[in-house]
Structure formats: C-alpha cells, structure tokens
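Step one of this worksheet: look at the structure below.
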Amino acid sequence: MSTHFDPLQHDAVVARRGFFKLASVAAAALATGPLRIEGARADALTKAQRESMTPEQIIGVMKRGNARFRKGARKERNYLREQRASAAGQYPAAVLLSCIDSRAPAEVIMDLGIGDIFNCRIAGNIENDDILGSMEFACKLSGAKVVLVMGHTSCGAIKGAIANAELGHLTGLLDRIKPAVQATEYDGDRSGTNYAFVDAVARKNVEMTVASIRRDSPVLAGLETDGKIKIAGAMYDLRTGGVDFFG
C-alpha cells in the first residue's frame, strides 16, 4: 500500500529548527556562552526558542546578523519553508520601529527571516498612538521581548523637519521630529545640507522616541521594569551598512 508524500506537511515538520535554533541548543548556549544562531538554514522561530532567550540575547542575534550582512555572509535561507513554517502561528522575538526609507529594510540588514520580528515603519521612525498600540500588542499579547527604535543616516524626514518643509499630512508628521532638531546640541551649520548635523538629529530623535515610548506607554514601561522586555535604540549607517545599538 503506497502512502502519499505531502511536501507541505514534511516542510512543517522539519522547518521549525532555524532562526534562533532549537530550544535545546539555546539552553546549551546559555550554559556555555553567547547564544549562537549562525546555522546555515533558518526557518520559523518557535515559542520555545523565543522563551529560552533574554532580551539582551535577542539584541545579540541582531548584532551578529548585521555583522554577517556587512561581510556579505548572510544566511542561506529558504523563504518558502519559512513562510510555510510560520503560517500556523508566529512568535516574533522583537518589534522594530524604523523609517520607511527603502535603503533600510530591518530584516535584510540584520539578516532576519520571516516570522522573526514585528516591523513598524513610518517616516522618521516616530511614535504615535497607533505605533504604541502595535508595540503593546507585540509585547504584551504576542510575547516579543525587545522594542527597538532604529533611525538611519541621511534621513529625508529629518532633513524635512530641519528645513520646516510643509506638504499635506507630511507637515504634521515632521512637526513630531522638530523637538529633536531643537534638542540637538551642535556647533556649526545646522541646515539639512550638513549631513553631520542631520545624523546628529536622527540619533537624538531615536533617543527621544525611546524616552517617549517609556513615558507614553505604561504597558511597555511596566514590562521593562519587570525585566520582561528591553526598549533600546539603534542607528543604521547607509554608507557602511553597520547598525549601532544603544540605550
């Protein structure tokens, strides 16, 4: 009697051993040193794998992924397998707030896969009620352990805020960035054509956004106080491909 081979079912069985490795591997890493997830194949992250890691270890995953990206040594991925493995459920380890800039896709520059992170994108990586609600869902209800706000160099939204640009609904968005422009201490040319100043404002904007998340969301602030999540900032350098984590 012949049996029918279902490739979808087969992939679902073999898939969930990838992104952050199996829980047993994670447990061993906790005992022997930093968690390593540099395996050649990356499938969907499981709940057990995520729960085995601390927020600091998850940030470490992102750092190592960015290092691979910069070296041109990103993981060999089967996105179809990742898609199939994550279809039944998702257990992202982090939620990222980043800019809409097409040159700064978080999953790519940190060598992450399908189902690994929640990603909120908005020009200038600012927070508002909708973003906070999304983050609260990601962390309180879905179990993500890291909230990362990532800005980037040469940000057009930052330049627009510096120049007091006005355009439809964009005007109100840029107004949310202007406090960072005013708070940035910088001696010299404070115009949008001075990239050093633009990047200084972008970093200040990240720092202020991290602070406002803690201030405006008692849910997230409470989770961080209890040690369940970490709220941090980062800056992506378009020129070098490097991500600088801080906070």
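Just so you know, glycine gets a Cβ as well, placed from its N, Cα and C.
Database features (TrEMBL):
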BINDING   C99, D101, H152, C155  Zn(2+) binding site
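Here the Cβ of H152 (Zn(2+) binding site) has 24 other Cβ atoms within 10 Å, regardless of which shown protein chain they belong to.
The Zn(2+) site, placed at the center of the C-beta atoms of C99, D101, H152, C155, has further neighbours from the same chain whose C-beta lies within 8 angstroms: S98, I100, R103, A104, G124, N125, G151, T153, S154, G156, A157, I158, A202, Y236, L238.
Other C-beta atoms found within 10 angstroms of the C-beta of C155 (Zn(2+) binding site) number 26, with every protein chain shown included. Under the three-state DSSP scheme, H152 (Zn(2+) binding site) falls in the strand class.
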